[in-house]
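A short worksheet on the structure shown next.
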Amino acid sequence: MLNSDHAHKYETNDAHLGATTARDAETLSAGSTARNESTGKIMDNHNALEKDFSQNDGGYGNGYGHQHLEASHDSETALRQIRTAGSISISPELFEKLYLSPQNKVSGDLRKTFGNPTPLALIGFLLSLHPLSMTLMGWRGAGGSGASSTGWYYFAGGLLMTLGGLGEWILGNTFPFVVFCSFGAFWLGFAATLQPFYNAYGAYATPGDASSTGLASVGFNVGVAYFLICMGILCLVYLICSIRTNLIFFLIFFTLVPAFGLLSGSYFHAAKGNAAMASKLAEASGAFCFVTCLCGWYIFLAIMLASVDFPLDLPLVDLSTMVKGASEKRKINHVE
């Protein structure tokens, strides 16, 4: 037990430790147990403080062992001792901001060993969708379904998002892993559709007509529309799941669902030869995608600022605490 003087020191030191850098927190394992390797060492009660996370975890519901810190230590010295002893937990809000996933527990020290793959996947998504959104809106005469950015669809949207998704898989973050890899596949498929080498539209060209490319054919446009409808359904599933993440990530899928719906409608009208309506629907789809990208840039900036311990903190409005998980509800109801 701590007397009143020691309790005051404890509160001061604990508040100082709470200001450790987000970069340091990012490298620490979520949900792991911090234990002192030399547990046999007894410290003087007048010079030491015992921080018992196992009884007071700050309301995050995680179990922690004992960590002995000198009262005179500054935050950097204390953090080095904690790193030597093992690892500490980061808050669910910070974890969710860094990984766009509700906090989960994984074995091992993978999150201390590897960097955060989330911003890599995000930038691949943004470098592909943002130019496409402006192209769909026809800014400054842009058009052609964004064919001018085909290389970016391959190497930014496809490659970077797939690599980021695999990184999330290694770290045990299932939801962002599935989201990033599926969108990586989308960008690769979209780029391949625009490439003559894959003959996606060339197969619909009129035989014997040298001027026919197949791009205006009913079969090609309806086929692309069906695929976009499926992407809209996929984003609807992600929208439901994102209710357990944060508001900005939720808004990304909230705008992507109508974006894919409108774009599929554009291709359906193009198949019927209604070019005017197809153009309007494509423009509306581009507007929704543009809002999606604004949200994406915001999340990307928030994660990058946190990774370098920038003094400005951008809130993402954590929703995981508002929508309790099934396991949390079972614990509240004493089922587990």
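Placed from the backbone N, Cα and C atoms, the Cβ positions cover glycine too.
The following features are taken from TrEMBL:
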type	residues	note
COMPBIAS	1-14	compositional bias 'Basic and acidic residues'
COMPBIAS	29-39	compositional bias 'Polar residues'
REGION	1-43	region 'Disordered'
TRANSMEM	120-139	transmembrane segment
TRANSMEM	151-170	transmembrane segment
TRANSMEM	177-198	transmembrane segment
TRANSMEM	218-240	transmembrane segment
TRANSMEM	247-265	transmembrane segment
TRANSMEM	285-306	transmembrane segment
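Sequence-distant contacts of the transmembrane segment (177-198) (same chain, six or more residues past either end, CB-CB distance under 8 Å): 121, 124-125, 128, 145-147, 150-151, 153-154, 156-162, 164-166, 168-169, 224, 227, 231, 234, 238. Here the transmembrane segment (120-139) sits against the transmembrane segment (285-306); at least 3 CB pairs are under 8 Å, leaving out pairs fewer than 6 apart in sequence.
Outside the transmembrane segment (247-265), and at least 6 residues removed from its termini, the chain residues within Cβ reach (under 8 Å) are 100, 136, 224-226, 228-229, 231-232, 235-236, 238-239, 281-282, 284-285, 288-289, 291-292, 295-296, 298-299, 302, 316-317, 319. Nonlocal intrachain contacts for the transmembrane segment (218-240), taken as residues 6+ away from its ends with a CB within less than 8 angstroms of a stretch CB, comprise 179, 182, 186, 189, 193, 200-201, 203-204, 250, 253-254, 256-257, 260-261, 263-268, 270-272.
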